[in-house]
């Protein structure tokens, strides 16, 4: 039987007329006609001929509303008609449609395939529509190697890899994840329910998936409604329904996810939901129903329950945008093509208005759905290569297909492939190209509108929405107090910065930080936040609040800023990132002490004035100062009459009107200085800028802050660089916008490590990590130890909820111009105070104290003399950096080619190395640095001051150059080593081997020591055995790696060390920039600087192939000699020592030998073999013994040649090994 084709010209009737449902009798007649007569295919054919593709439309279902079916098909037609039903040159499409929507799709397809006989090579299928039809048709599609384009189903049973269904929408389970995500991110509801009909659409499976998903987010469903879906579409019994409903409503759900189509029980559920007082305000969130518009369903529900419309209560997911979202380029084109189609074919039933898709949102959404299907079909048919067989076409659809429709992307689609291919980025076993879920809500007048923040995307490389990639959200609040102009503006500035760090809502994004504003006023803010926390999920409150709000229970505050001054009291749920008032006062008073200022005055506003005055006085006394006068202002008072013409005045608690008064006073009285708190600068920044811009008084207004300069376009701060990239508008660069950005960056980065997010877990993050570093901002340590007994703190320094570090003193002039210098370099205040004793002693008490003191002094003298003899080896730790939050500058030194020099000059090296140690230790003392350890001839030195460290390294090179070594042998050996290297390396040019002797003597002399310097935070530990401090972590590793790539006589500084120097310090140094250098174990290149300690020296290229023996991240490393002692021939003495150790330790296990040999390695300066593990084996022990023997043997040979009576010692740090002259005789016995 051959099909008859009805050709359609440009002026013919539309390609499909409105089709309505037929009666059952007519349906049987149609089936008979389909088998006895040819099918009429309505098509637009290119008169020039070409390939014709038949598209069988199964985009209909007997169970679906006709308006839904017509809308989808109208959208499909609009796409194809826009190109005159031609998908490519010479490729036309014929759409084959059923005479009636009452014909069973499966039977329609079977009959049509029989009509075509065996000619199926140019055949595609559109649809099917509906879960039951998709299941019935799949076997037929598979048997005939056909693919159903754009099937519309919502069942979880179709979520596996089914290559004969080409889905353009996300899976139903994925759509159900999105409402759950929305509940936590935007709605922030505490009680979330779930509704499904058992046996319908895989409802129980969808519920199980949803339970698993929200448990990952730290939530659970408060209540579940489910009844069995009865056969024949009949609802369950009223008694069963009522019982289930009462249990569900008793949970007081604030939102319910509804996973069901409009069966009687589902409709009854909605009516109960809107009419029951317990649930009448509940949000309804649902995947798209498909069979009927959610708008129609909701309208019918409210009318039946006689309940008015409450907008924004119903939220629905969809797979495509609404037809009116014309900010999307694809939708703009859709509107043009849809309007043209409906204009040309006005007789199309129900859509005689060309703008129908803009007036009926539900129909418009379905038209977009059909239009996208047409666009995908058109792109899939563009290539001619697949047209030889149906199998070839099927395979072509899964060759990593991605369809780009303007700015809408569908795909990737991929077929069978192995795990290796998948790991390399291929999409495998994926027949679902929908990667976007669009959420919309029913607004006023039953119109659908896009939900703000309701667009969730997955990567095209991810086939299904995996719940594991959806991160638990942190839902934060900011507060806009509209009745206070300055606070509202401050909140807006803070939100400008923090909003750049919040989540985009894309699925799989590691950042899940969401922020919402609460609009209120200063009087209602406490009550509204208290009510909100009882009804909604609130993880934390950020930014500007009132002091009263901080006392609300159950809320967590991250870096709160209050308009009135207050002291910090420890509260676990209040985390400060900015300097507290106590920290600011400490830093400012420290500055006053450094400039030897007179006693300051204090003018203060606020309810905590007495306590703040006490805190200021305590701080001043600590630094040897005191208050000259104090004034507490009452409401309405001004500061002008209380400002002295000279001297220092603290003004704590500013009013807006004070700023102009202060500017005028400082401009006129040049000897006056005013100090204010940073929160006043931040909140009133606009007023300060307006008043002090171009004013001479700007240099005399001071404050303390831990922020880098927010408007420095030439900044070296990583934080500010990121801030400027995020906030492009220069006028929005303010202290509060930068503060918001830094706060958001901290949350953004740390959320990646949180598997669950709650207020308590967020607080735990700070106290568990103790010290937190984000970009170049450092916070901590945060401490909360168990030191409170019966409400009394029993230990000092055991609790800290503040963590600002690197607090510097600025003038207002610097705030206005970033090139103005800091008044005081950054410091991390210890908040250790001197507490004077206010109780005077009676004369008798005083006499007793004096007498007792004399006795104590005499006793102390005796004990001191005794200690000089018994504790001479005790270390002096005064100069050791001990502040865990303060940066430490580490210096590593090493003698170049030391092992080769020992082999060449065993007689000279002991004295040379002793001189080396003595000279370096004298410099350590001179520059108040700290000797951490020596390993062999390498030093590890710590310094509190970066400049002192650089000065030490510079003078080290100069002292070695000027020292009289009493021999030229060392220099001759270095030149010989260079020539030997040049013979082996063609590209190597000896820097000193062929230098003129006179020039050489001005630049080089004796031992060549390489030096590496790096500055950063360390893990500082006190060793009870050595009674000294050691420094661990990335900073020590970086310093060691810097030294390891240097050449002898060269001093290298990292970028961090160089930038830690002040501008004045850097001006005193001669430094050459070496550019970015790749260091082993460091993920990114490090910018290096060379300190030209001896001008004129030239060096070989950096030793970038250098490999450290110790490559661990958390251990201190020191560089080692250039050559292993394994390569040195053992002398007679060394062989004797090796034999002695092997005989002595031969019966020990390897672990016991390791324990015994390790102290010798440390004290003799013997480096361990490369890549040796933590646990030694027999070979490792033998190698270590050989190295010890080689090192000690050199010394024994030298001293044995001089005298038979002397013992020898290694040159390690203060340790001695005695070797008897009779040792060899003892062994021979």
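From the backbone N, Cα and C atoms, a Cβ is placed for every residue, glycine too.
Looking up the ranges 25-45, 46-66 in Swiss-Prot, the one annotated as transmembrane segment turns out to be 25-45. Feature annotation (Swiss-Prot): of 825-845, 846-866, 867-887, the stretch labelled transmembrane segment is 846-866. Mean pLDDT across the topological domain 'Cytoplasmic' (1-24) comes to 37 in this model. Residue environment of residue 768 (N-linked glycosylation site) contains 10 other Cβ atoms, counted within 10 Å of its Cβ in all protein chains.
Taking the glycosylation sites 77, 84, 626 in turn and counting surrounding C-beta atoms within 10 angstroms, the largest count is reached at 77. If you take the C-beta of residue 693 (N-linked glycosylation site) and look for same-chain residues 6 or more apart in sequence within under 8 angstroms, you find 816. The secondary structure of residue 768 (N-linked glycosylation site), as reduced to three states from DSSP, is helical. Closest in space to residue 626 (N-linked glycosylation site), of the glycosylation sites given as 77, 84, 768, is 768, taking the CA atom of each residue. Separating the Cα atoms of residue 84 (N-linked glycosylation site) and residue 77 (N-linked glycosylation site) is a whole-number distance of 10 Å. When the Cα atoms are compared, residue 768 (N-linked glycosylation site) and residue 77 (N-linked glycosylation site) turn out to be 61 Å apart.
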